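Residues or ranges marked as signal peptide by Swiss-Prot: 1-22. Sequence annotations record features per position, and here Swiss-Prot assigns disulfide bond to 25-51, 27-72 based on similarity to another entry. Per Swiss-Prot, motif 'D-box' is recorded for 55-69.
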């Protein structure tokens, strides 16, 4: 009986630990250096209950050196703020030439 109770307790602890890992913010570290021309999509996701800041997710083109990977950039870093500012300006300029 004690063995069964111990096994259930360990199972409960394992479930709680897996939920804690899944509730962390994705953007905790600085991402790789990405060029504006390599970006396919830039997403800014709002704050979630488990994450205190917004998430900035960059999807690269399949022909770039990162080959279509998604990278999460830390929103509070100055480099990320500059990247968003300059990417939006670059994207607007590119749109004018495409139309």
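One-based numbering along the chain as shown.
Backbone N, Cα and C define each Cβ position, glycine as well.
These numbers come from a predicted model, not from an experiment.
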Reported as an integer number of Å, what is the Cα distance between residue 51 (disulfide bond) and residue 72 (disulfide bond)?
13
Find the average pLDDT over the motif 'D-box' (55-69) in the predicted model and report it.
78
Please give me the CB contact count at 10 A for residue 72 (disulfide bond), counting all chains in the structure.
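For residue 72 (disulfide bond), the 10 Å Cβ neighbour count is 18.
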